[in-house]
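Quick notes on the structure that follows.
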Amino acid sequence: MSLPFSQDERDLAAGGILTIDLAALRHNYSAIATRIAPTRTAAVVKADAYGLGASRVAPAFYEAGCRDFFVAHLGEAVALKPFLKPDATLYVLNGLQPGTEAACAREGILPVLNSLEQVENWAALATRLGKKLPALLQFDTGMSRLGLSAKEFDRLLENVTLLSRIDIKFAISHLANGDEPGNAANARQLAKMTALLARLPKLPAALANSGGTFLGKTYYFDLARPGIALYGIDPERQHDFSDKVAHENKKPKHSILPVLPLSARVIQVRDVDKGATVGYGGTYVANGPMRIATIAVGYADGLFRSLSNKGAAFFGDTRLPIIGRVSMDSITLDVTSLPEGTLKLGSLVELIGPHQRLEDVARDCDTIPYEILTALGNRYARVYVYVNGGGTSTTA
């Protein structure tokens, strides 16, 4: 009988290692929650906690004091519920598809109602059950994505019976430009939100996303729901596409700590002659004798094809440029600057870490950190750690 493939063996076989620092996640939550108190701070853990594993990440936020958790779909909420304690509340940002209302109510999950149709369906279930059902009510204040329009809101206020069947916990909206402090759209959305709330006296409200928590107290209201900032991205810094050196030396303004070192394993090192072509299409041509290394990750692992002949990895302080096209399962690096024998089969190189942050990789991909983070995939060995005072202990 063959022995089972152990977790240690799986990790060794993986093309790279994604390390998730739970202590940094807790720090980021606490830093935001402390700064905006007494406003309650929720955690957005949709898309499997931005790709980092909601079943591990959400409990870390809970330990830091979080009791309100937002996901996008009902299925995400149902899957996460067993990993949280009974006093935690789960909210579904996209609301409910027809026919799922009873399951949502049965599970004790709160939907965000984004349209009159969703309101009517939720109220109809409340009538059948003979009790008011809790929910959040979202208004569109300028993003034109989700939420009741001004006309729908007028119609809703005219239907007293409909409103009486729902226990509205929060009126919410979403900032379209919260990560741009100087954008006038923020003030316009705030004004619209304030006007809406004047027609719903004493109703708690939520407007601030990650960027909104840095715009000032007038945006905080009763509940904030940061997302990307919890995962180590300064919302103001993520759009900085300035010179790389200036970008790397820029200090985060908001005590947000990076949470995910990412490394990849070398699978081959070789010497090539002048004129050798590298990768699909031969888009890189060696301009002299050089040493190259191939690492075992590619665009299937969230390292997008747009990094071809553009991005880099690091070994120690040495930058190793990506040469040739990024393949599905591999990337080739120019390692000529390293002494011969430095890299060998199984050596690890840094893709995200102290030498280049997630924002830097996103910039090289011409995208945003959200897209990289949620695309990292499940082929990495995932290691959850707590880092305290320079010491690291791996969790089970």
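Numbers here mean position along the shown chain, with the first residue as 1.
Placement of Cβ uses the backbone N, Cα and C atoms for every residue, glycine included.
Owing to the predicted nature of the structure, the values given are computational and were not obtained by experimental measurement.
Summarising the annotation, Swiss-Prot assigns active site, proton acceptor to LYS46 (among others) and lists sequence analysis as the type of evidence. In three-state terms derived from DSSP, LYS46 (active site, proton acceptor) belongs to a helical segment. Long-range neighbours of LYS46 (active site, proton acceptor) (same chain, six or more residues apart, CB within less than 8 Å of its CB): PHE70, VAL71, ALA72, HIS73, GLU76, LEU93, GLY227.
If you look up Swiss-Prot, you'll see LYS46 marked as N6-(pyridoxal phosphate)lysine, on the strength of sequence analysis.
In the three-state DSSP assignment, the secondary structure recorded for ARG145 (substrate binding site) is coil. Listed in sequence order, HIS174 are the same-chain residues six or more apart from ARG145 (substrate binding site) with CB atoms under 8 A from its CB. The substrate binding site feature in Swiss-Prot is assigned to ARG145, MET328.
Under the heading active site, proton acceptor, Swiss-Prot lists TYR280 (among others). All protein chains shown were included, and the count of other CB atoms within 10 Å of the CB of TYR280 (active site, proton acceptor) stands at 13.
According to DSSP, MET328 (substrate binding site) sits in a coil region rather than a helix or strand. Note: MET328 (substrate binding site) has non-local neighbours GLY298, TYR299, ALA300, i.e. same-chain residues 6+ apart with C-beta under 8 A of its own C-beta.
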